[in-house]
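S.K.: I grabbed these lines from Swiss-Prot:
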COMPBIAS  8-20  compositional bias 'Low complexity'
COMPBIAS  21-34  compositional bias 'Basic and acidic residues'
COMPBIAS  35-58  compositional bias 'Polar residues'
COMPBIAS  59-97  compositional bias 'Low complexity'
COMPBIAS  263-275  compositional bias 'Low complexity'
COMPBIAS  940-952  compositional bias 'Acidic residues'
COMPBIAS  977-989  compositional bias 'Low complexity'
COMPBIAS  1076-1118  compositional bias 'Low complexity'
COMPBIAS  1155-1167  compositional bias 'Acidic residues'
COMPBIAS  1188-1198  compositional bias 'Polar residues'
DOMAIN    126-232  domain 'Calponin-homology (CH) 1'
DOMAIN    341-449  domain 'Calponin-homology (CH) 2'
DOMAIN    511-619  domain 'Calponin-homology (CH) 3'
DOMAIN    632-846  domain 'DH'
DOMAIN    876-1026  domain 'PH'
REGION    1-104  region 'Disordered'
REGION    260-284  region 'Disordered'
REGION    940-989  region 'Disordered'
REGION    1076-1198  region 'Disordered'
Amino acid sequence: MFSNFFGSSKRNTIASSSSSSKKDKDNGKDESSKLKNSGSSTLPKPITNNESGNNFITSPSVSSPLISPLSSSPSPLLSSSSNSIQSTSHQQQQQHQGVITSLQMKPSCTSLTDDIEKKKQAKYDSSLEQTARKWVCDVLEIQLEDDKTFYELFKNGVLLCRLINKLRGGTIKRINESTISFKQLENIENYLKACKTLGLQSVNLFNSIDLHENKDISLVITNIVVLGKHASKIEGYNGIHLAGERKIIKITTTPVSPLFGGNHNNNNNNNNNNNTSNGDLSPVSITSASGGSSNYNSYSNNPLNKSSNGKKAKWRKSVKIPAVSSLNSDIRTKEAFKFSPELQKAAQDWIEEVTKEKFKLPSFSSSLKDGILLCRVINTIIPNTILYINNGNSSFKKMENIGNYLKGCLVVGLKKTDLFDTPDLFEEKNINFVISNIHVLGNHVNKMYSHLKLPLIKNIGNGGNGGNGGIGGGGGSDGSPLKMYSSIIHSKFGNGSSNTSSGNGGVIIPPEDMKDLKDWINHHLRAHHSLQIGSDMSNDLRNGVTLLTLLEELTLQKVGIFAREPVLPWHFMQNICLLLNFLRENSVHNVSDISPHDLFNGDIHSLCMITRLIRENFDTDHQMKSIPMDTRRQKVIEEIIATEQSYVKSLSTVYNLLIVPLLNSLDTNSPILSNDEISSIFGNWEHLLRSHINLLKEFKLKLNLPFNDLTIDDSNQNQNHNNIFGDSIFDSNITIGDVFLEKCEFLKDNYTNYINNYDNSYQRVKRLKKSNSNFEELVNTFEIFQDTHNGLDLYSYLIMPIQRIVRYILLLKEVIKYTPSTHPDYQMLQNAKENIKRVADHVNESKMAVENKRKILSIQDSIQNLQFNLMDKERTYIREGFLEIEDTFKKDSYFFLFSDLLLFVKYKPSEETGKEFKYKEVFYLDQVVDVSDILSDDEGEACVDGDDDGGEYEGGNGDATSGSADPEDQTLRRSCNSNNNNNSNSNKSNTVYSFEIETCEFSLVLLAESHTEKIEWMEDLRSCLQHQLIKEEDQLSSLSLSDNDDDNDADADVESSLNSISSPLLLLNNNNIINNNNNNNNNNNNNNNNNNNNNNCKNSNININSSIDNNSDNNNNDYDSKINSEENGDSSDEENKTSNRRSVSFKTHKRLESDETISDTESDDYELVCGRSKKSQPPPVPPRKITFSDTIKNIDNQ
């Protein structure tokens, strides 16, 4: 029983042997006879159909486990009809006494793993994967391997990171092209962070393990497709995306019946004709109406309301809505969307006619919010209804007037539903309710108090007085005040009707400064080409996108969430309300005079008014243009003095509240910190403070400003930073550049010492706060005190000196900007700026040197069994990474490159020592002859295919001064470019990225993980070799040139000849150089196609074996030259001259043209012997080349 329920294959119940012996051997008998001949325990095979239509056959209990359940022998029941099976089903159930084995029955429940796999398969979409693959290939310009799964291609995260950098360059600074899991996970995490930076929502992301552990690859595919669609919105990216062509969406809506228009029969007919069923919720297109009203015709002429073929357009259900905005913003947008200026104007005119008083203020709400006019309207209808009207300015009295008016409306006969709340008017919560109430009151008075013969409220539909027509053209017969909330925006959407009034022949005269405003907007939005304003400024600005983007550019902050691609009228009004609300909160000007409705309908005067408002409040450059040059210069000088005062105050705050108590505690029995610990945190803080007090004193004395003789103890006194000069007159001829030149010499040493100690101080504070409770209490007390003043903590004060030098440079640039070139201070300011810039460069270099030492020290501490001290010489850390040694097949080989050596270690973390690496070998770069590229077959084919269109390279014309003119260098660049080409992807999985480091004794072939990494390693190695060679040659040159004063002329000739080939000063053997150059050029021509960069040391431009017999060399060279000239007879002389050979990390691009450069008598004195004098050179030994992999096993065994 339990066996059948759980489907366990280990609990099979076998039927008795008696039942198994009764098996019928006659396959030709029918089903009924077969049932009779079978024993009571023998059952036929019933067929049950599952939901998917598959048949599951349950075998009888007599079946033996030796018999396969998938037997191919036909069953008699399979040929019987389904009706006979159903007729005997009841009988079969009664006769069933056997047990069905678990192998013969479908399990009633599945495992969780199987369910998860089924769900993953159900979610997987192969077409979506192909879309993602194709887009990645198109963007990265590569070809992904079809035989690899999506998981295998993207597991390491490298392609994803490259994809992000293609969409926005430099987003991911470092891509770990490694096989180590945590580095691959780091790539995926960087990709996910970059997706958020680019604007993807969290719902479109995935977890790192979904990709790295293949948990749910469908989420990764979906993410890439969503990113492909989002790519069209990324600024600066104009490449391929998946969003499709951007279409202009044509929208047509059916507005609510016009409130003040006739011709309602047409609208009703439209509704009857189009809404054929109650369930049809699709809106009616007004373009289907025939003989509609003029309002409808004007709306149907709107290009936004028709499709391109003239037929009615439908609602676009998938309209892209903006991101979620705040509830208050949506409420304001809704009220502005329902607002109608025509209704407001009609209400204002009616109140003015009834009270015979004009509105005192241009704003409707501001004129009514005191409640006086409203109370007078009630008293005009029913005299003495409101006995006392408050004329005071206090808020509660104004609100009392509004409350009395609402009570008066009830007395007149209005319902409570026709009223509004007091805050709706006084706080302008909902001005639409107020307008609605006034219209209802006017219609009610015209109907119930007609004997008073009060003025009639205007009918907006026909623009005249419509008797009892009132609201909606029907005298309010529908009885629904909610009709007042319906907006007439739909009937004007896209028409810009506000621009075509009949005030001047139907044409609006644009403001005089409209062109100036247009140019100003285009200047600030020059980076946003899609937002540039064209000829129709009204239509370009009415959606609010351009003005909101302009605000973000000027304020350098996010204005809010708005629709960047508005489509619906709601989007337009949402942007406009956000714009007005931002200006209301951040501007000193009143924006209540600007109506959202006017902006929506493109009123050019309102748009120009709000543009002027933005320019006057947020464009500081425009504000500065109206200020004289001397005044601007004075403001910048005031800022210099003010920031210096503030800086001195901050320095003295730390000194008096922290350093002094710590120093005083040294005299006690239990000091808080030791003297060394205080110095390690604050460094030379006291010297900085004293120097800047003196500098501030000089500034004030120079500017004839009052200055108290400050000391360190009182330098933190409050200073007035708002007006430095006070009532004194600023002298325009005053100079401050000389003060910087005289007093800023202290910056170099003081700030260098402090900045070098900053990282140490930052870490020391964190460590001491954890270990020293007294120090933690002192720092917490200091920070609590600062919270009440400026909110800065100790770390904020410690970083101030680092930022000060840069601040000086920026301030000096501003002073120079507003100082005329004829001013006596101009040149001194220029010199002061350059001096401080040099100080900043020196500080940066010193900082880099300190960081380099710390890096080398950390590397040394991470290597066990290191046999020498990395700090014993002055060396620079360059790079590090995994490199596989050829033929060792080990992935744990790790290399550190320094300026003078290459360190080989094994990645082997040790729990005992806590060190990550184990020392193996060191290679000194002064023993390296060449670093050459080794192209694999795939790389070589790609290079050959790419030669025709490889592009032009600098120096490709054979220029002697161009480093990239070398054929090998061009080959490297072509091979690098071909890595991104579709031609190099057929056998990418088998591509080996290797290069060779060659010495006189052996060659070391290293394998990188990618082509880019290989090129970077080679470039860094060659740069180190060149630096090493130049350093040795400079030392050798100084020694050689000082040996004999009589040979100065000859030395000069050699120097000039060597300078002509753009190489450092070397001691060269003339004959060997010429012969070797000829030999190398020929060899390069002969072996260039094979990319053979591993020539013997005797063939290099630097003659290592200079002591070999010259006669033998000359004979060999002549013979080689003869053979090569025969083989390369078609090569021109110019090609031979421009053929280059890579030597010890730099190129000699131009060989010597003749043997007459150095005379025969001088050739013995000028020989290159690997940077050493010829006398100290050991006897020459023919170079032997062995592969380093032959001896690497011995190193591993050490």
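For all residues, glycine too, the Cβ spot is worked out from N, Cα and C.
Fair warning: this is a prediction, and the values are worked out from it, not measured in the lab.
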S.K.: Could you put numbers on the helix, strand and coil content of the domain 'Calponin-homology (CH) 3' (511-619), residue by residue per DSSP?
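M.R.: Residue counts for the domain 'Calponin-homology (CH) 3' (511-619) by secondary structure: 68 helix, 0 strand, 41 coil.
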S.K.: Using DSSP, how many residues of the domain 'Calponin-homology (CH) 2' (341-449) fall into helix, strand and coil, respectively?
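M.R.: Within the domain 'Calponin-homology (CH) 2' (341-449) the tally stands at 74 helix, 0 strand, 35 coil.
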S.K.: To what whole number does the mean pLDDT across the domain 'DH' (632-846) round?
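M.R.: Per the prediction, mean pLDDT sits at 84 for the domain 'DH' (632-846).
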S.K.: Can you tell me how the residues of the domain 'Calponin-homology (CH) 1' (126-232) break down into helix, strand and coil by DSSP?
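M.R.: Summed over the domain 'Calponin-homology (CH) 1' (126-232), the classes give 72 helix, 0 strand, 35 coil.
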